[in-house]
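Student: I'd like to ask you about the structure that follows.
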Amino acid sequence: MSPGHIADHESRRMVHSHAHEGDIPGTVDLNATGDDDVGYGQALFPVPADDPNDPLQWPAWKKNAILVICSIYSFLGNGSLTGPSVYISIYAEEFGISSTTASGLISYPNLAFGFGSLFLVPLYMKIGRRPVTLLSMAFFVGGLIGASQATTYEGLMAARVIHGFGSGVCESLPVQLVNDIFFLHERGKKLGYYTFCLCLGATCPLYAGYMLAGGYSWRLFFYVVLAFAAALFIAAFFLVEETSYKRPEPAISPSPSRTDEKADGIIPTTTFSLPSRRPFMSTLKLWSSIDHEAQFFTTMFRSFTYFFVPAVFWVVATFGIYIGLGAFSFNYVFPIKITAPPYNWSETNSGLIALATLVGYSLALPFTSTSDRLAAYLTKKNGGIREAEMRLGVLLFPMLISPAGLIVFGFTAQRNLHWFGYFAGVAMDQFGSYFYFTFTLAYAVDSYYANTSEMLIAMNLGKQAISFGKEQSSM
C-alpha cells in the first residue's frame with residue numbers, strides 16, 4: 001500500500017462488525033466478538049465494508065449534514081402543501097371560483113405528492129439517490145416559481161401539482177438515507193429528527209396566515225419557500241453524496257493445511273490493498289452508475305403488495321388516519337369554533353392552534369432515542385438476538401395520551417369550555433402522534449430492510465390517499 005493510502009486510512013479508523021441477519025426478516029444476531037465495534041454494547045449492523053467509500057464508514061458530520069438537508073426538504077415539501085390552505089377564500093375570490101373548487105388547490109397537490117414517490121423511488125433505486133434528490137428539488141423549485149407567478153386557477157393548479165409531485169420523494173428519501181448511512185442502533189433516533197421536521201410542516205398555515213395579516217399577497221408564501229428551496233438545492237449539490245453502495249458478501253478463506261505449513265516452514269498470510277476515498281470533485285458528479293439489477297416497473301408494481309403486509313398496513317393506517325384526523329379535527333373544526341361565540345377570535349388568530357402542535361412535538365423530541373435504548377436492552381436480555389418489534393414498547397404511553405387528547409379537544413368543543421382545552425388536546429394528541437410516526441416507521445424499516453424502497457412507496461402512497469379521502473369527505 002502506498003504511503004498516501006496509509007495516511008488516508010490512518011486519519012480515520014474504520015469500524016468493523018461480524019453481526020449477521022437471521023432467516024426471519026427483522027431478526028439480527030448482534031453478539032459482538034473481541035474486535036467488533038459496538039453500539040449500546042452490541043455489534044454494528046449492517047456490517048460495514050473495509051472501504052472508506054462505504055456510507056457507513058463516513059464521518060458523523062457528513063452523515064448528519066445529509067440528514068439535516070433531507071429533513072429540511074421534508075419540512076419544506078410538506079409545508080408548501082398545507083401552508084396555502086389559509087388562502088382558499090382568497091383564491092375563490094381572485095379566480096372567480098367556489099370555495100370547494102379552490103380547496104382542490106390543497107387536496108390534489110397532496111395526492112400528487114403521494115404519487116410522486118411511486119415514480120421517484122424506483123428511479124432512485126435505478127440511477128441512484130443523488131441524481132433523483134437533485135431532480136426532485138429542481139422540480140420543486142420550478143413548481144414554486146410557477147405558483148408564485150400564476151395568474152389563473154389552472155396555472156396555479158398545474159404549478160402546485162408539479163411542486164407536489166416533484167417533492168413527493170421528500171418523505172421516502174430521508175428514510176432511505178437513514179437506512180443507507182446509519183447503523184441499526186441509530187435509526188430510531190435519526191428517524192425521530194426527520195419526523196420532527198416532517199411534522200413541523202403542519203405549522204406552515206400559521207406562517208402563511210400571518211403573512212396575509214401583515215398586508216402581503218398570498219404569493220409571498222411561495223417566494224419564501226422558494227428562497228429556502230433554492231438554498232437547499234445548492235447545499236444538496238455540494239453535500240449529498242451518492243449513498244447507494246453494494247457491500248460484498250463476507251468471504252470465507254480456506255484454512256491452510258498442516259502439511260503445507262510444515263512443508264514451507266511458514267504460515268501463509270493474506271495481503272490486500274484498501275481503496276482510497278473518492279476525491280471531493282468526484283462526489284459532485286450527477287450520477288455514478290446505473291443499477292441494471294434494479295427493475296423500475298417491478299419495484300413500482302410490487303410495492304402495492306405491501307398493503308397486504310400487516311406491519312406496513314399498520315404504519316400506512318397510522319400515518320393516514322393521524323394526518324386525516326388532524327386535518328379534519330384541528331384545521332377545520334377549531335377555526336369554526338374559535339371564531340364564533342363565546343370566543344369570537346379573529347380569523348388570523350385561529351391559526352394559533354399550530355402552536356399547540358409545535359408544543360406537542362417539541363415535548364416528544366427528547367424521547368427520540370428511547371426506542372433504540374429499549375431495543376438494545378431487550379436484545380441483551382434475548383442473548384444478543386434483535387427482533388424488529390423490540391422497539392415498540394415505547395408506544396404504550398402515547399397509546400394513552402393521544403386518545404385522551406382527542407377526548408379533551410372534543411369535550412372542549414362540545415361544551416364551549418376555555419380555549420386552553422383545545423390547545424391542551426391538540427398538544428397531547430400530537431405528542432403521541434410523534435411517537436407513532438417515528439417508531440412505527442423505524443419498526444417497518446427494521447422488518448423489511450432488504451425491501452425498504454418498495455415498502456416506502458406503499459407507505460407514502462397509502463397515507464396520502466387516506467388523507468386525501470378524509471379531506472374530500474369533509475368538504
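Every residue gets a Cβ built from N, Cα and C, even glycine.
Values in this document were obtained by computation on a predicted structure and should not be read as measured data.
In case it's useful when we look at the structure, here is the feature table from TrEMBL:
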- 1-23: compositional bias 'Basic and acidic residues' (COMPBIAS)
- 66-475: domain 'Major facilitator superfamily (MFS) profile' (DOMAIN)
- 1-28: region 'Disordered' (REGION)
- 65-88: transmembrane segment (TRANSMEM)
- 108-125: transmembrane segment (TRANSMEM)
- 132-151: transmembrane segment (TRANSMEM)
- 157-179: transmembrane segment (TRANSMEM)
- 191-208: transmembrane segment (TRANSMEM)
- 220-240: transmembrane segment (TRANSMEM)
- 304-330: transmembrane segment (TRANSMEM)
- 350-371: transmembrane segment (TRANSMEM)
- 392-413: transmembrane segment (TRANSMEM)
- 419-445: transmembrane segment (TRANSMEM)
Student: Quick one: find which recorded stretch in 65-88, 132-151, 220-240, 350-371, 392-413 has the most Cβ pairs under 8 Å with the transmembrane segment (157-179).
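Tutor: Selected stretch: 132-151, with the most Cβ pairs under 8 Å.
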Student: Which whole number is the mean pLDDT over the domain 'Major facilitator superfamily (MFS) profile' (66-475)?
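Tutor: Across the residues of the domain 'Major facilitator superfamily (MFS) profile' (66-475) the model's pLDDT averages 87 on the 0 to 100 scale.
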Student: Sequence-remote contacts (6 or more beyond its ends) of the transmembrane segment (132-151), Cβ cut-off under 8 Å?
Tutor: 70, 73, 76-77, 80, 116, 120, 123-124, 158-170, 173, 219, 222-223, 225-226, 229-230, 232-233, 236-237, 240, 286
